[in-house]
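Single-structure report; data block below.
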Amino acid sequence: MAENSIKLTKLNSEIISLLRVAACIGVFCVHFGIAVGLEGSIRVITDFGARGVQLFFIISGFLAFNSVVKSGLNGAIEYYFKRAIRILPLYYLMIFYYFVVHVFYSKDMQPDKFGFGWLRYWGLANCWAPRGEGLWYNLGATWSVFVFVSFYVIVPIAKRYIRNFRAAVLLEIGFFFFSYIWANFNFDFLECVNYFPYFGLGIIIWFALWENKELFLSIFLNLGILFNLVQSGNMAITYSMIFSLLFLNGLLLNKKCSYENKVLNFLDKYSYTIYLVHPLILGLAAYLKNTSIFNDILIIIISFIVTLLLSIVVYNFVEYPIQKFLKKKLINHIKEYN
């Protein structure tokens, strides 16, 4: 495989922003529905937002593989640092906030039956170690960060061996095999294995574009969706194929709108911040629900606007300055060393 990445400028890269924003809003909606106790049809709609995480994983699989290829054979260290600088500063900021709140204010953290305690969160171990109970299970909706980190660790390794579309398909089969084993035997450690097939789909899409096999992959995904629906198969698999089909074909579209691009790019810029910050606003949503002054639609709009405003502040005054400082100190040092 030639050491060159896919030129996203030749594709409709706005679809990445669109789908990431949609996934982010979906995750916000599902947590909102749980927090305020929505019922009926609107709860069904908000619960569907949980599928947004799958979409995030597929897109990340594509972008991570493209990034590590772009880094070249000797760029694994630089790739690791870039990924860490992108996702960990805000993550640790949120963990510090939860640590202060739950240890010194509410004092509601029960003993961890597995003995890991806060090492789960400070050490990014919650997806490798057995999951705990209560707040030790998923503090602040951060569980997916552990999955992202786990996948990012193996991408440079996978890239050394996955050099064509066929190999990417074999990798996906391997991911599904281990995911099936973990699900059926109910292993309570290395839970990240259950989510690797979604990232694998992103890698397959990358190679389909690289080797001009978009039509073949589209046909395969359509047949897979149809077969799974007829057989009443696993809906997580069905939706992952639907999302992959949308992502693949969206990348190939040429239609662009500058106004929409500006809005999407703005929201996409803060999507990761919204992803981690939004649990802080759910208390406000629950309060507005209890006051019975606003209807559910208005509450979700108000809550999202407040979340967006908080995310803008956090990103511009905390997250981005830290990222900029670390990038200047670490990445430039690595380049000089190489």
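Note that Cβ sites are derived from N, Cα and C of the backbone, with glycine treated the same way.
Pulled from TrEMBL:
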type     : residues : note
DOMAIN   : 16-315   : domain 'Acyltransferase 3'
TRANSMEM : 21-42    : transmembrane segment
TRANSMEM : 48-69    : transmembrane segment
TRANSMEM : 90-106   : transmembrane segment
TRANSMEM : 135-155  : transmembrane segment
TRANSMEM : 167-183  : transmembrane segment
TRANSMEM : 195-210  : transmembrane segment
TRANSMEM : 215-230  : transmembrane segment
TRANSMEM : 236-254  : transmembrane segment
TRANSMEM : 266-287  : transmembrane segment
TRANSMEM : 293-318  : transmembrane segment
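By the Cβ criterion (under 8 Å, sequence separation of 6 or more), the transmembrane segment (48-69) is in contact with the transmembrane segment (195-210), since 3+ such pairs are found. Same-chain residues lying 6+ beyond the ends of the transmembrane segment (21-42) with a Cβ under 8 Å from its Cβ atoms: 48-53, 55-56, 59, 141, 264, 267-268, 271, 274-275, 278-279, 282-283, 285-286, 288-289, 296-297, 299-300, 303-304, 307. The list of residues near the transmembrane segment (266-287) in space but at least 6 beyond its ends in sequence, with Cβ under 8 angstroms from a Cβ of it, reads 16-17, 20-21, 23-24, 27-28, 31-32, 35-36, 86-87, 90-91, 94, 97, 140-142, 145, 299-300, 302-303, 306-308, 310-312, 314-315, 319.
In this chain, the transmembrane segment (195-210) touches the transmembrane segment (167-183); three or more CB pairs sit within less than 8 A of each other, excluding pairs fewer than 6 residues apart.
Long-range Cβ contacts of the transmembrane segment (236-254) within its own chain (Cβ-Cβ under 8 Å, at least 6 residues beyond either end) map to 11-13, 15-16, 18-19, 51, 54-55, 58-59, 62, 197-198, 201-202, 204-205, 208-209, 214, 217-218, 221-222, 224-225, 228-229. Over the domain 'Acyltransferase 3' (16-315) the predicted model carries a mean pLDDT of 91.
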